[in-house]
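In what follows, a single structure is set out as structure tokens and then discussed.
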Amino acid sequence: MRDLILFPRKTRFWWRPSMTTSFLNGERAVVVFFICRILYSLTFSLLSHGLALSLLALASFSLDISFDSSNSPSLFRTRPGASSGILLGAVTLPSLLLSKLVQLSREFSLAQLHLEEIQYLTLQYWATSASACSVVLFLAFARRRRAPSSPSHWGVRFSLCSIFFQALVSVAALATTSQIGLHPALKLMWALCHGLASVKLIQHFLRTFPSCASIGETFLVTSGIVLYFGDMLLLTIKKLHGLLMSSELVTAEYEISRSEISIIIQGLVLGLLLYPIALKYILQIWEWFISTASAEARRYCEIGRSLMFVASLGIVLILIVPSWMQFVHEFRMHPFFWVLSFVFSEPSKRLTLCIYWVCIICVSVLRFYNISKNSKIERILLRKYYHLMAVSMFLPALIFQPKFLDLAFGAALAIFLTLEIIRVWRIWPLGHPINQFMNAFTDHRDSDLLIVSHFSLLLGCALPIWMSTGYNDRPLAPFAGILSLGIGDTMASMVGHKYGVLRWSKTGSTAAGITSVLAACSLLLPLLASTGYILTQHWFSLLLAVTVSGLLEAYTTQLDNAFIPLFFYSLLCL
């Protein structure tokens, strides 16, 4: 919380945080150890990648301190009660991709992987690093312009120097290595486009959704969306190259295989993320039309607005997005019918799983909603019941039907996005009831403008599973989100709430979370072995991964559902 402190300086009011920020607090210490663990695991061929990550960490570390220790007015309206989170937001995705490169290097040495897949992931790593560096550079210049005489200005200067050297390393690496047949100039342009897109997007998010997220949380979302969209864009360019045969952007070396499920999820999610841009103009045109209509026609404004929403959303999901999917991938039928064919290919298992999910959701949601309205149970404990519900839903499916679970996660994310669009735009007749229902489960990290908790829980469980598609020599890696959020975070919160009056509550809750995850792993590993998995996870590395993730949950003020699964997954890949 921040206290308002008044200073008579040119009749302006200035505020500063009520608490000073230490140089190495708990969150920064955990992130530094996390980065050191990744750097320790690097092979010789990945040293340049590690050097770039180190320089990025130094730049974001100094800028993080500068933001949190500043006595000047805030640059952005961020979520109250949270630190800037710049260090955590900047290094999470590059560290994740570097951990995946370490894992793929092991697979390549065992002849389990084609070189093109490593090359493509390397290109993604440098693109994500460019995104992170560009955003750090933007924040540093914004900080310097807002408070040029601040005592913490040294952090901005050090950050700029680190970014300069990181850019040199990145340019040298992109210019001297061969990745999926791209010309060095095109590789640099591709990374630069990611950086510019990230800067524009984070500016848009911070301006459009004030007080909804910290800088670090916005940082993570921005980098993830740009990387996800860039991946689909590159697939589209590859397809255009195959049709036109005139572009030198991508050569025949780029033949990364993609499953139908991944293309469907990617097209659906990106289509729904881009849809509000079109919806804004559609509704503006409709409101202009209504304003010029007769008084009798204005009575049906809400109904017409809803019909416009349904019609435009149907065009996007039935015509435009499936056409995009079919363009980038050879579907033998409409993607919607492909999904139906996939579900009914094993009806006894998949339909039974769907019925099981529907029953759990209906019973749990109605029960918890009634409790939230009529009970004095604290909302944080009520939300943890949903974490346990996620374990009961996703764990059996991940063991016995992992491909179907991939598709189910994509469908659930699409439904969440659609409901959030309806809630934000107040589309009649569901907008107001959905808003009332969602507000029954919000906490201090949500706002009426944007509710993100359910997204973070779903993506926290889904991302480790999606990223483990294909050959995976770490059988616990896909379970990173379910274990860390469904079991570890839940147990830590319950113990912390029960013994919150004691001075050792944080230590006790962290120990409870770590112990519960280790116990779940000890039960899960024999079960995975019985289903045919080859166990290669060492207990020491597992203990280290669980401990670091548990400490991050204890010390971070960021949205833990978003960061903890990615940290845990990255460490499990090493």
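Numbering starts at 1 and runs along the chain as displayed.
Yeah, the Cβs are placed from backbone N, Cα and C, and that goes for glycine too.
Feature list (source: TrEMBL):
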type	residues	note
TRANSMEM	46-65	transmembrane segment
TRANSMEM	123-142	transmembrane segment
TRANSMEM	154-176	transmembrane segment
TRANSMEM	188-206	transmembrane segment
TRANSMEM	218-237	transmembrane segment
TRANSMEM	263-283	transmembrane segment
TRANSMEM	303-325	transmembrane segment
TRANSMEM	350-369	transmembrane segment
TRANSMEM	381-401	transmembrane segment
TRANSMEM	407-428	transmembrane segment
TRANSMEM	449-467	transmembrane segment
TRANSMEM	511-533	transmembrane segment
Any chance the transmembrane segment (188-206) and the transmembrane segment (46-65) are in contact, meaning at least three CB pairs closer than 8 A with a sequence separation of 6+?
no
Examine the transmembrane segment (123-142) against the transmembrane segment (263-283) and state whether at least 3 Cβ pairs sit under 8 A, considering only residue pairs 6 or more apart. no
May I ask you to check whether the transmembrane segment (263-283) and the transmembrane segment (511-533) make contact, with contact taken as at least three Cβ pairs under 8 Å and only pairs 6 or more apart in sequence counted?
-> no
Counting only residues at least 6 beyond its ends, the same-chain positions whose CB falls under 8 A of a CB in the transmembrane segment (449-467) are 96, 100, 209-213, 262, 265, 383, 386-387, 390, 394, 398, 402, 405-406, 409, 412-413, 416, 420, 423-424, 438-439, 441-443, 477-482, 484-486, 559, 561-562, 564-566, 568-569
Other same-chain positions with a Cβ less than 8 Å from the transmembrane segment (407-428) and lying at least 6 residues past its termini are 261, 264-265, 268-269, 272-273, 275-276, 279, 283, 302-303, 305-306, 309, 313, 339, 342, 357, 397, 434-435, 438, 449-451, 454-455, 458-459, 461-462, 465-466
Same-chain residues at least 6 beyond the ends of the transmembrane segment (511-533) with CB under 8 Å of its CB atoms are 399-400, 475-476, 479, 483-484, 487-489, 491-492, 494-496, 542-543, 546-547, 549-550, 553-554
